[in-house]
Every structure is written in structure tokens, then in C-alpha cells.
Amino acid sequence: MLLAIDTATQAVTVAVHDGATVVAEQAHTDTRRHTELLTPTIRDVLREAGLRPRDLSAVAVGVGPGPFTGLRVGIVTARTMGLALGVPVHGVCSLDALAHATFAAGQTRRFLVATDARRKEVYWAAYDVTDEGVRRTDGPDVARPAELPGHLRGLPTAGRGTELYPEALPHALPQLDVSAGALATFVTGALRRGESLLEPQPLYLRRPDAVPQAERTPVTP
Amino acid sequence: MSDATTDEPLVLGIESSCDETGVAFVRGTTLVGDALASSVDEHARFGGVVPEVASRAHLESMIPMLERASAEAGHRLDDVDAIAVTSGPGLAGALMVGVASAKALALCLDKPLYGVNHLAAHVCADVLDHGPLPEPTVALLVSGGHTNLLVVRDIASDVEELGSTIDDAAGEAYDKVARVLGLPYPGGPHIDRAARDGDPEAIAFPRGLTSRKDMERHRFDYSFSGLKTAVVRWVEARERAGEPVPVADVAASFSHAVADVLTRKAVLACTELGISDLQIGGGVTANTQLRELAEKRCAEAGIRLRVPRIRLCTDNGAMVAALGSQMVMRGLPPSDLALPADSSLPVASVQA
Ligand SMILES: [Zn+2]
């Protein structure tokens with residue numbers, strides 16, 4: 001039994017996967033209340049699946065990129081659950097999770113994922129589509145949408161970037177936020193194929209914007 | 001939970017409101033395991049705590065601290081009767097890391113969760129050193145983040161603020177004065193060391209909010225912004241005149257001004273409210289002049305003074321676990337799993 005969570009986009013999303021299928025999934029799209037919503041949502045999803053936390057055998061978490069505060073809530077929750085339950089914790093690039101959902105929904109050609117990075121920027125990555133699934137070819141990175149190269153901006157685009165910057169990213173796909181169900185399906189497949197996943201470490205892509213203190217210069221008269 | 005465990009509950013406490021990641025186990029009023037990671041060195045070159053840097057450090061330290069505290073206590077996480085966590089006040093992004101982790105523990109271990117007030121937890125730390133708090137007690141909290149004068153009638157449920165700083169926290173003033181004296185961050189310990197060789201009466205720095213008019217409007221409030229500016233002006237005037245700056249005298253006189261106004265108002269609160277116990281907490285409690293002056297003035301006024309050892313005065317998980325334990329012992333209902341991190345949680349909300 002795999003629990004999957006993601007807090008890198010506007011959604012707080014949680015799902016349980018039994019190895020064959022997603023057995024329960026819930027999402028809230030209240031971007032400001034990740035701390036409040038995440039654990040109660042996990043409790044509710046487990047209840048819906050008729051499970052107790054101890055029934056879980058692994059936890060998967062989206063590691064971003066995404067707004068830092070929400071991202072950390074998801075990652076620390078996943079890591080703590082791993083410690084408390086004695087189960088492994090796997091990380092997945094949240095943009096990849098969104099790409100897998102886009103592929104699962106029938107996308108057949110190259111596309112872009114662009115999510116809200118605040119400060120007039122998007123987190124983005126580009127994907128090729130093959131028979132087996134998607135493959136990331138560029139990114140993840142952070143940029144002003146209008147400054148992305150034209151060949152990327154012209155691609156069909158999943159993620160809230162299209163909603164926020166329709167002029168720069170005009171070809172909107174319907175997938176806006178990460179779905180934990182899609183993330184869980186991807187992780188289950190990767191584990192079955194023996195592929196390695198990421199450590200549950202945040203993909204910040206930005207440094208903290210703090211300026212080191214200058215030498216003190218006394219005021220002159 | 002059975003009555004037997006309510007007598008001496010084993011509580012795990014998590015603190016992440018500023019730059020220390022603290023996790024501790026407390027049984028009843030006994031500290032049994034205590035782990036602390038600090039990001040203070042990472043903030044030094046910025047001259048103050050950078051919230052994003054602090055939040056990143058909390059995320060990296062949380063699991064190692066849970067493991068270390070658990071090993072030190074000789075308890076598995078599963079052994080605890082309850083989880084307590086600082087839910088405010090503090091830096092929002094920092095608080096969220098601890099709150100999210102505590103909730104995950106509460107859910108996975110199926111234990112009650114107590115969201116506690118950071119300021120009340122500071123006061124409660126002393127039960128680990130000196131046993132049950134006398135109630136009522138007046139409490140003075142002084143650190144880089146807070147300067148509060150409180151009256152505590154019940155540590156788990158009834159804490160009232162008498163006053164607080166209207167501008168800088170006392171600890172911030174130490175950092176700024178240290179900087180102007182060319183001493184490293186954080187300023188407190190360096191000023192304390194420099195002050196030992198200085199004359200506390202050498203320079204008459206101002207005592208904020210002590211004029212007759214201020215004592216009407218701001219009887220139990222503090223202000224350190226004017227003092228800080230006065231010190232900076234004094235030092236710069238010396239520099240302009242090409243004279244050497246007497247670092248020890250400036251440090252001693254500044255420190256004395258801080259200790260004077262802090263203890264004067266705290267003792268006044270005790271006398272006016274007819275309360276004969278004063279407790280001091282927070283990182284600035286490490287300051288020699290503050291301790292000495294508090295001891296002297298309390299002795300003169302017939303007030304019993306309690307000061308926990310310094311390790312318990314700075315931010316830590318032990319104080320959070322200690323307060324959670326008090327709540328469990330009183331049979332208070334736990335907090336909801338939807339507990340938020342509240343950066344401006346008022347001190348009157350002892351439990352969130
Ligand atoms: Zn504190």
C-alpha cells in the first residue's frame with residue numbers, strides 16, 4: 001500500500017495505491033492552507049480506503065519545484081511518516097507527476113508543464129511522448145514565461161502557468177495541478193520496473209533571497 | 001489513555017518557531033531526552049535570522065532530531081502518550097515545518113496532538129529544573145525574538161500579558177549594539193564578555209518608557225529602539241572625534257540599562273499585583289548583569305526568583321514537551337489535526 005502526497009502546486013493532493021490501482025484520492029485547491037489541510041486529508045483518504053497508517057508500505061511525495069512553504073509541509077510530512085511507520089519515502093519531481101497525468105489523459109505529442117512559481121515566474125519542464133510514457137527533455141527550471149524560448153511556449157502546456165500567463169503560454173491543456181493518484185501510479189510503475197526514484201529532498205531551484213550584511217560604515221558628519 | 005499514564009505522561013515536544021530545531025521527551029516534569037539543532041551560524045553573515053534560511057534548516061534537521069531525541073530518551077516514538085508542538089507565535093514558514101511533522105506523528109502513532117504557545121512554553125521550561133510553578137507567578141521573557149511580561153495563573157490555561165516591547169526585542173538591541181562595537185553576531189554573549197571589564201555607570205544611556213507619562217500609558221511595556229539609537233550615536237560621535245571607543249564601558253553601560261529597565265518593571269509588577277514569585281526565561285537570561293540585578297532586586301523586595309539553566313532558557317523542544325505534559329496531566333482535550341501554524345498567536349492562547 002503506497003501513500004502519495006503532493007503540495008507543490010495549488011492542490012493539496014493525497015492518494016492511496018494498492019499496487020494495481022488508485023483506491024482513494026482527495027484534493028483541496030486552497031493554496032494558503034497546506035499546513036492545516038494535509039494531515040486531515042491523509043486521515044480521510046486512509047479512512048476512505050479502509051486502512052490504518054500502519055497498513056502503508058511506502059510513502060511517495062512530490063519534491064517540487066513549487067512554492068517553498070507548501071513544498072516543505074509535504075516533504076516533512078512524508079519524511080515523518082516514513083520515520084514513524086518505518087517505511088521508505090520516495091521523491092518525485094512534481095512537474096513529472098503532472099506530465100504523467102497529462103500523458104495518461106491521452107496527450108500524444110511533445111508538451112510543456114508550467115506551474116506557478118510566484119514573482120511573475122513559472123517552474124517549467126518539457127516532455128517528449130513515447131509509447132511507454134513521457135520523458136523529460138528540458139528543465140526543471142524557473143523563468144518568466146515570456147522569456148521562455150518560442151519553441152517551448154508554442155507547445156501544448158499543462159499547469160497553472162497557462163491560466164496565469166495566457167498570452168505567453170496560449171496552448172492550455174486541461175491538467176492544472178498535480179494529482180497524487182497519477183503520482184502514485186507513476187511511482188508504483190517505476191518501483192515495479194526497478195527504476196530509481198528521487199530522495200525526498202526539495203527541488204528549490206532558487207536561493208533564499210537574503211543579502212549578506214555589508215561592513216559597517218560610520219556616519220560621517 | 002489510562003489514569004496511570006496521565007500522572008506521568010511521556011510527551012514528545014517539537015519546537016521550530018525561529019532558528020532552533022528542538023525535539024525532546026519529557027515524562028511528567030522530568031526531561032528524559034533532548035535534541036537541538038541550530039541554524040544560528042547560517043544567519044550570522046546576514047546579521048539576523050533569515051526566515052527562508054531557517055525554514056530550510058528546520059526541514060533538514062527535523063528527522064535527525066527526532067531520531068536523536070528518541071535514542072537519548074531510550075524510547076521509541078511509539079512509546080509516547082502525546083505529541084506537543086509550538087504552533088505560534090514565530091516565523092510562519094519555520095513553524096509550519098514543526099507543526100506538519102507533529103501532525104504526521106500524531107496520525108501515524110495514533111496519539112493526541114497538543115498545539116502549544118511558544119511563550120507559555122518558555123515559562124513552563126522551568127518546571128524541568130525547579131518542579132511545579134508557583135501560581136500565580138510573574139514571568140519575564142527576554143530573547144532575540146521576545147520581550148514579554150506575563151502573569152501566569154495556570155501554566156496550561158491561564159496566561160495574561162501585562163506588557164511587551166513596543167519596538168525591538170531586547171535581544172535585537174544586543175545584536176545591533178554588538179555590530180556598532182565591531183563584535184560578532186549574535187551579540188549577547190560577546191557584549192556580556194566585553195561588559196565584564198567595563199563600568200556599568202560610565203555612560204548614562206536612556207531607560208525606555210520609564211518617564212512619568214510613559215509609566216501611565218506603558219506601565220509594563222518596554223522599548224529598546226531609543227536605547228539602541230543612543231548607543232549608536234554615542235559611539236559614532238567618539239569615532240568622528242577621532243577618539244578611541246571604550247568598548248567595555250559601552251557594553252557594560254548598555255547592558256546595565258537593559259537589565260535595569262527589565263528588572264525594574266518586572267519587580268514592580270510583582271509588588272503591585274501582590275505576587276511573590278518571579279520567573280525569568282529566554283536567551284537573554286544568560287546575561288550576567290540581568291541575572292545579578294534580578295537577584296539583588298528580588299531579594300530586596302522579598303520576591304522568590306526562579307531562573308532555569310540557560311540550556312532551558314533558549315528555544316528548545318523540552319519546554320514544549322513540558323507544557324504539553326502539563327496539559328495532559330490536567331486532562332485538557334487535544335488540539336484538532338487541522339491545527340494551523342499561527343505566527344501571531346496571542347499569549348493568552350496557551351493551547352491552539
Ligand atoms: Zn523563544
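Placement of Cβ uses the backbone N, Cα and C atoms for every residue, glycine included.
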Binding-site annotation, TrEMBL, substrate: partner of B:Leu141, B:Val142, B:Ser143, B:Gly144, B:Gly145, B:Asp175, B:Gly188, B:Asp192 in B:Asn117, B:Asn287: B:Asn287
Binding-site annotation, TrEMBL, Fe cation: partner of B:His118, B:His122 in B:Asp277, B:Asp315: B:Asp315
Residues close to Fe cation site centre defined by B:His118, B:His122, B:Asp315, Cβ within 8 Å: B:Glu15, B:Ser17, B:Cys18, B:Thr86, B:Gly90, B:Leu119, B:Ala121, B:Leu141, B:Ser143, B:Gly145, B:His146, B:Gly282, B:Asn316, B:Met319, B:Val320
Cβ-Cβ distance under 8 Å to B:Asn287 (substrate binding site), same chain, at least six residues away: B:Gly188, B:Asp192, B:Ser255, B:Val258, B:Ala259
Nearest-integer angstrom distance between the alpha carbons (Cα) of B:Leu141 (substrate binding site) and B:His122 (Fe cation binding site): 7
Of B:His118, B:His122 (the binding-site residues), the residue whose Cβ has the fewest other Cβ atoms within 10 Å: B:His118
Binding-site residues close to ligand 1 - of B:Leu141, B:Ser143, B:Gly188, B:Asp315, only those whose C-beta is under 6 Å away: B:Ser143, B:Asp315
